[in-house]
Amino acid sequence: MSQNESGTIAIPMYDKDDAVLVLEDGQVYVGEPYGALGETTGEIVFATGMTGYQETLTDPSYDRQIVVQTFPHIGDTGVNSEDPESSRIWVAGYIVRDPSPNVSNWRAEGSLDDDLTKNGIVGLSHIDTRKLVRHLRSAGVMRAGIFSGDALTDQATGALKTIEQLLEDVRNTPQMQGLSLYDEVSTKETYTIEPCGEYEGKEPLYTVAAVDLGIKGMTPHRMAERGCRVHVVPSTITFAEIESLNPDGVFFSNGPGDPEQAGPEIELLRQVLDAGYPFFGICFGNQLLGRALGFGTFKLKFGHRGINQPVKDLTTGKVEVTAHNHGFAVDAPIGKQVDAPFENGKYGKVFVSHIDLNDDVVEGLQCVDIPAFSVQYHPEAAAGPHDAAYLFDRFCELMKNNSKEGK
């Protein structure tokens, strides 16, 4: 959508059977409804994976976000009960170029369209997603809304709503920067994942307290595969409650929202570090470690979201293809060890261990003097490549060494 010479919004043609996407900067895309009819607003972002759409939809880190798939053809393999990463769909809305009219996969239990409809997820299809993504890369992610069905009608007059009316709804949506969302997606009660695979039925090698800030289901499973008993605990847990679990290590998960607004979790993490527990953080957990150490965080222009992001391990020189979902990053110096800024270097030396090769964004932190490290990306690989699975082994090794030395 463009503006005319007078500066007013140029209104595209649409009717009550269409679905309309409105961006906060005034751009409008008219397509077809996909999934449920209605209205949804949130931060519009794009994901670059060719596969793994079911894992994307159920990732709690996408809370309050409208997701655009850059790959044009989505839905071929349908949906099943094995691939979700949580108990529900978390995206606020979903946009695809060309949804598959047929499902063709031996594991499929239904269609993506039906699943979105059943779960009340408002979506849109048959727009130029390439044009949309190019705009988001240029202008940055922003607030947006999808409107279809009765949401396009002014209930007072019975007429179609104007773009100005829809735009007002979009601009009344909270900005992602400044939002605290992890309590919204966290489990309310502790649950436990026992060792599995070759360790099934055996005594656990290690006990992990995993703080759920929006955890994906595959993450504790990756630890359980390595002989860990994983207590997944609510974000509201206290340090005393963590200690009562007698963990060998503590894990902070991925999650949505602005890390600057996670003050209680940052203080909890500092208590964990002060007590000498081995610590591993992923995604939001990486950002919280950064802030606990005294570094800042900032919002990326359009973020990293997809299962094909190149990351370089600066300690080995190896490049990994990794899965990402983050719109914020840690502001830390690259290429040297520095004193962690918090309380004049209380936590000793730290260095950036990984960077994204597309934009040099910090993708990992390694503490030198305390048993703590984190990565910004997703080594659990759900969906995505398994290049970074070694990080779970590193966490186990950290717990093993810490046990020998005595915490």
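Cβ atoms are placed via backbone N, Cα and C, with glycine included.
Some features that Swiss-Prot has for this protein:
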- Cys283: active site, nucleophile (ACT_SITE)
- His378: active site (ACT_SITE)
- Glu380: active site (ACT_SITE)
- Ser61, Gly255, Gly257, Phe284, Gln287, Asn325, Gly327, Phe328: L-glutamine binding site (BINDING)
- 207-405: domain 'Glutamine amidotransferase type-1' (DOMAIN)
- 1-203: region 'CPSase' (REGION)
Intrachain C-beta neighbours of the residue listed as 'active site, nucleophile', sequence separation six or more, cut-off 8 angstroms: Ser61, Ser253, Asn254, Gly255, Asn325, His326, Val375, Gln376, Tyr377, His378
CB-centroid shell, 8 A cutoff, L-glutamine site Ser61, Gly255, Gly257, Phe284, Gln287, Asn325, Gly327, Phe328, site residues removed: Gly214, Asn254, Pro256, Pro259, Cys283, His326
For Phe328 (L-glutamine binding site): intrachain residues, at least 6 apart, with Cβ closer than 8 Å: Asp258, Pro259, Gln287, Thr297, Phe298, Lys299, Leu300
DSSP-derived structure type at Gly255 (L-glutamine binding site), helix or strand or else coil: coil
Per-residue Cβ crowding (10 Å cut-off), top of binding-site residues Gly255, Gly257, Gly327: Gly255
Average model confidence [pLDDT] within the region 'CPSase' (1-203): 94
Assigned element (helix, strand, coil) containing Phe328 (L-glutamine binding site), judged by DSSP: strand
